[in-house]
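Q: Below is a structure I'd like to ask you about.
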Amino acid sequence: MSNTVGQIIKCRAAVAWEAGKPLVIEEVEVAPPQAGEVRLKILFTSLCHTDVYFWEAKGQTPLFPRIFGHEAGGIVESVGEGVTHLKPGDHALPVFTGECGECPHCKSEESNMCDLLRINTDRGVMLNDNKSRFSIKGQPVHHFVGTSTFSEYTVVHAGCVAKINPDAPLDKVCILSCGICTGLGATINVAKPKPGSSVAIFGLGAVGLAAAEGARISGASRIIGVDLVSSRFELAKKFGVNEFVNPKEHDKPVQQVIAEMTNGGVDRAVECTGSIQAMISAFECVHDGWGVAVLVGVPSKDDAFKTHPMNFLNERTLKGTFYGNYKPRTDLPNVVEKYMKGELELEKFITHTVPFSEINKAFDYMLKGESIRCIIKMEE
């Protein structure tokens, strides 16, 4: 790869030219990394619901043409000036949020919300010069959340790149770049269930299943899945879920159903849907005195919810989390090691694999609700 250092690389990328239209495989030019940046050769990427959301232009600022993708694994091709923690040949995971290492958030043991590199879905350019590193015949193509992994090569801020064990299979650990860590960490790092405890998981999509996996790893004995789609329950058993509640099948609030099932409430609840009603239910279903509810799902812009202050005064705790409270550069390598040691199971999240030329199939699988994670293999 060294003969490309400092040069423009021509490669294939899946370009979204307009909202909701199939991606088109195009030849793009990828500029070399500037100071503080890294150019990665992407080997495997996967589709996350966030990609679909912004591809459908439901986000704040639709930007097209754009190269989506933010869950991926690859190899460092070259680094820009001042980058010291990475070198060509390193195996790495790009992440939609970063760790500059210098801001108050990065210096705090409690936060992963870097001031400089926190997720920005509206920005389609690099921080350095407010320009794109992608172009087609001279026309700039927008970046997406600083990663744009639906390209054989991409340029990412060095603070958003985690160096990982080179023995880790990139076609498996690539899914740790977003959704799996978001759910897993919400349980392990934020809810912190004790062995033998009870945990309710609201929403059994990819993030909710990852939250359930976190409860399984933590040793929870009762893992209650809550979802409006009963067909999801069978699959969820693979992730440690051993009891199920469909709110539509009851004539009382689901928090009351769960409280009755658990002699007053669960020890922990993790909400992974973004639904206001689910947030209220998750908080109100935890036991007084010690119960902790964690919000993961992203609500709509103008949403608000109310609950009685006595729920707090009775010693219930409500927390929020972002990317599972993991610092990307510091913590992600350790999550990869959890997988390498057999503590974390990733294979069960991967339901489909497609070649890069058939990337639109991944969108079809997700839109039909058929996939948890679809791996897109860049080299064919």
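The backbone N, Cα and C atoms fix where each Cβ goes, and this holds for glycine too.
What you see is a predicted model, and the numbers here were worked out from it, not measured in a lab.
What Swiss-Prot records for this protein is below:
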- CYS48, THR50, HIS70, CYS178: Zn(2+) 1 binding site (BINDING)
- THR50, HIS70: alcohol binding site (BINDING)
- THR50, GLY203, LEU204, GLY205, ALA206, VAL207, GLY208, ASP227, ARG232, THR273, VAL296, GLY297, VAL298, ARG373: NAD(+) binding site (BINDING)
- CYS100, CYS103, CYS106, CYS114: Zn(2+) 2 binding site (BINDING)
Q: Using the Cβ center of CYS48, THR50, HIS70, CYS178 as the Zn(2+) 1 site position, which other residues in that chain lie within 8 Å, going by their Cβ?
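A: Surrounding the site, in chain order, are HIS49, ASP51, GLU71, PHE96, VAL145, SER177, GLY179.
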Q: Just to be sure I understand: of CYS114, LEU204, GLY208, ARG232, VAL298, which binding-site residues have a C-alpha no more than 10 angstroms from the C-alpha of CYS48 (Zn(2+) 1 binding site)?
A: none
Q: CB neighbours of ALA206 (NAD(+) binding site) within 10 A?
A: 24
Q: If you measure from the Cα of CYS100 (Zn(2+) 2 binding site), which of the binding-site residues HIS70, ARG232, VAL296 is the nearest?
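A: Nearest listed residue in space: HIS70.
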Q: Closest to CYS103 (Zn(2+) 2 binding site): which of the binding-site residues HIS70, LEU204, GLY208, going by Cα position?
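A: Nearest listed residue in space: HIS70.
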Q: If you skip the near sequence neighbours and keep only those at least six away, which residues in the chain come within under 8 angstroms of HIS70 (Zn(2+) 1 binding site), Cβ to Cβ?
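A: Counting only residues 6 or more apart in sequence, the Cβ neighbours of HIS70 (Zn(2+) 1 binding site) under 8 Å are CYS48, THR50, ASP51, PRO94, VAL95, PHE96, PHE144, VAL145, THR147, SER148, THR149, SER177, CYS178.
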Q: For the binding-site residues CYS100, LEU204, which one has the sparsest Cβ surroundings, going by other Cβ atoms within 10 Å?
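A: Result for the binding-site residues CYS100, LEU204: minimum number of other Cβ atoms within 10 Å at CYS100.
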Q: Are there any residues at least 6 positions away along the chain from ARG232 (NAD(+) binding site) with a Cβ closer than 8 Å to its Cβ? List them or say none.
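A: Once residues fewer than 6 apart are set aside, ARG232 (NAD(+) binding site) is near LEU204, GLY225.
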Q: So which of the binding-site residues is most packed in, judged by how many other Cβ atoms lie within 10 Å of its Cβ, out of CYS48, CYS103, CYS106, CYS178?
A: CYS178
Q: Between the two most separated Cα atoms in THR50, GLY203, LEU204, GLY205, ALA206, VAL207, GLY208, ASP227, ARG232, THR273, VAL296, GLY297, VAL298, ARG373, the residues recorded as binding NAD(+), what distance in Å do you get?
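A: The two farthest binding residues have Cα atoms 21 Å apart.
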